[in-house]
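Feature list (source: TrEMBL):
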| type | residues | note |
| --- | --- | --- |
| ACT_SITE | HIS196 | active site, tele-phosphohistidine intermediate |
| ACT_SITE | CYS512 | active site, proton donor |
| BINDING | ARG303, ARG339, ASN464, ASP465, ARG475 | phosphoenolpyruvate binding site |
| DOMAIN | 6-128 | domain 'Phosphotransferase system enzyme I N-terminal' |
| DOMAIN | 161-232 | domain 'PEP-utilising enzyme mobile' |
| DOMAIN | 260-551 | domain 'PEP-utilising enzyme C-terminal' |
Amino acid sequence: MSFTLHGLAVSSGIAIGQAHLISQATLEVSHLVIAQRMVEKEVARFETALARVRNEFGVIRNGLGKAPTDIGAFIDLHLLILSDPELSEVPKHIIRERRCNAEWAIVQQMELLVAQFEKIEDTYLRERSYDVRQVVERVVRELVGRPGHATAKAAKGVKGENLIVVAHDLSPSDVMAFKDQNFASFVTDVGGSTSHTAILARGMAIPAVLGLHNARQLIRDKETLIVDGTRGVVIVNPDARILEEYELKKCQIEIERSKLKLLKTTRSTTLDRVKIDLLANIEEPSDVTVALESGAEGVGLFRTEFIFLGRGDMPSEDEQFEAYRKVVKGMQGRPVTIRTFDLGNDKNIHSDDAIGERKRDNPALGLRSIRLSLAEPKTFQSQLRAILRVSKLGKVKILIPMLSHAHQIDQTLAALEQAKSSLRGEKISFDENIEIGGMIEVPAAALAVGIFLRRMNFLSIGTNDLIQYTLAIDRSDEQVSYLYDPLHPAVLMLLAHVISTAEKVNIPVSMCGELAGDPKLTRLLLGMGLRQFSMHPAQIPAVKQKVKQSDISEVIPIVRRILRLEESAKIQEQIERLNA
Ligand code: PEP
Ligand code: MG
C-alpha cells in the first residue's frame, strides 16, 4: 500500500531507495553492515555468545540445587527463552540475509517478538516480553564485551547508496558513525531543523526529513521510499508513475547542482564589486576535500568535537594535533578557524551521557561548550596546545563557542596565555599572533557585544543557538520547530546590532550558523553589512551565485526598511521581493 508522510524538510534533494529500519535499542549497540566474507564468522560469534550465556545460566541453576525456588523458575524460563529458535536461530538468518552484526540482528528479532507479546491480552503472557528483553540484553552484553572482528573497519567500504535509514531518533554521533556507509538518506520521527543531526545531513549533502512522528512504526524494512528533502515528504511504496516523476526531478536537481559547480573557480564578488568571503563549515578532516571542491576560501568553522563524539574518552593532545594538522595542511594555506570543543547537550564524548556525569533536565542551558572547557582545565589546555602547535603550519584562528560573560572571556584568554607559555617553556614554536574570536550565540552576548569587541580579534555569529536561546525554542525538538523562526524581528535586531557595532570598531564578523548557507537570506545579510559567510560546502555554490547577482548599494535601503518591520510575515514578504 502506498502512503505519504509529512515532516520537516531539513536537507534538500531527492533520494529513492529501500527502507533500512533502525530501532532505538539498536542505536545502543553498534549497527554495522558486515562484509560478505565475514558473515559466517559473525554467525559463529553469535553462537559463542549464546553458548556462554547458556552456560552461565546453567551454573547459576545448578548452584540453586533441586529445591523449587522463584529464582530457579526464573532461570528456567530464561533458559527456555534462550533456546527458543526465535532467538537462537532467526538472528542467524538475519545476519546472513541482511549482513547485520550479531548484536543488531538479535535486537531486531527481540523488537519483533516484543511487539508480538505486547498484542497478547493475557497480562501474564504479555509481561513475558520483559523476560525476552532481559535475555537479549544479557546476550548483547556478552557480544559487546567481546566485539570480535565486527568493528567499524569490517563495515567500511560497504555501500549503503540505495538504503534509506529510518529511525525514531538519531544522535549526531549515530550519523557520524553512518558517514562511511554512504546511506542515500535518513528519516526520523523526532528532531528539529537546526539540530546537529540535521546539520550533518546538510553537510553530507544527503536528503533528510525529520519530525515524521511515527515513520519508524509505519514503514517496514526494505519497502521502497522516496524522500523529498526539499518538501519534507516521504512517499512509501510509490506507484510506477510517481517513481518515474521523482526519478526525473532527481535528475533535474543533479543537473542544477552540476551547473552551480561551474562557479567553483569564479570570484565571490557582488555586482558593485564588494568581495564576500565564502568559507566552509566542517566536522572532520575528510571534509576538506568537499570544501575545496566547492570552492571554499577557507574553513570558517571546524566543529572539532565531532571527530571524537561517542568514543568514550577524551582525545590526547597528539591525536588532536594530528586531526587539526590534516585540515590545516589540506586547506593549502587558506585560513582555518578551529572552534574549541562544543561538547554537552546533544554532543557527547560518552555516547550515553555528558562526560560521564548525570543527565540534567536542561542540558542546552547547562555545563556545555566553553563552560565545560573552563571546568575541565586539563582538557582545555591540551586542546589549546594542539591548536597552537598547528598554528605554525598555516593560517589558523581559534574560535570559542557559547561565551556570554566578560569573566569567561578573560578566563579563556588567560588559559590561552598559559598554553602559550607552556609551549614556549618547551621551545615548541607557534604563531605568537594567533587570532582568537568569540561566537555570538547567546542573546546576552549579542546585546552586550562590546565586551567581546574589547577583548577579541573577531566574532562569528552562531545563528542556530542564537535563535534557540532568543526564542526559547529547543532546536532539536520537532514539536516546537514551527516556532523556530529565523526571521523573527528580535533575531534580526540582534544580528543587525552585532554586525553594525562590530563594523564601527573594525572588528571582523562572520556568520557560521545555518542562516549563512541559505541563499534566500544572502541579500538580507549583505544588506546588514555581513561580508564573511561560513556554511556547509554543499551550499557555497548557491550562495555564491546569489552574491554575484546582488548589488549591495541597492540592497541596503530595502534591508533598512525590513529591519523596521515588526511582523515576521511582512518581513518574509519583503525578503521574497528582495530576492525577486
Ligand atoms: C550555531 O549555533 O549557530 C553554530 C554554528 O554552532 P553549532 O551549530 O555547532 O551549535
Ligand atoms: Mg552553537
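Glycine is no exception: its Cβ is also placed from the backbone N, Cα and C atoms.
These figures come from a predicted structure and were not determined experimentally.
Listed binding-site residues near HIS196 (active site, tele-phosphohistidine intermediate): none (candidates ARG303, ARG339, ASP465; Cα-Cα distance within 10 Å).
For the domain 'PEP-utilising enzyme mobile' (161-232), the DSSP-based tally of helix, strand and coil residues reads 22 helix, 17 strand, 33 coil. Neighbour list (ASP465 (phosphoenolpyruvate binding site), Cβ cut-off 8 Å, at least 6 residues apart, same chain): MET402, GLU441, VAL442, ARG475, GLY513. Residues ASP465, taken from the recorded positions ARG303, ARG339, ASP465, CYS512, are distinguished by a CB atom under 6 angstroms from ligand 2. Put simply, the residue listed as 'active site, proton donor' is 9 Å from ASN464 (phosphoenolpyruvate binding site) when counted between their Cα atoms. Close contacts with ligand 1, defined as a Cβ under 6 Å from any of its atoms, occur at ASN464, CYS512 among the recorded positions ARG339, ASN464, ARG475, CYS512. If you take the C-beta of CYS512 (active site, proton donor) and look for same-chain residues 6 or more apart in sequence within under 8 angstroms, you find LEU279, ASN281, GLY300, LEU301, MET439, SER460, ILE461, GLY462, SER534, MET535. In the three-state DSSP scheme, ASP465 (phosphoenolpyruvate binding site) falls into the helix class. Pairwise Cα distances among ARG303, ARG339, ASN464, ASP465, ARG475, the recorded phosphoenolpyruvate-binding residues, top out at 20 Å.
A strand conformation is recorded for ARG339 (phosphoenolpyruvate binding site) in the three-state DSSP classification.
Summed and averaged per residue, pLDDT over the domain 'PEP-utilising enzyme mobile' (161-232) gives 87.
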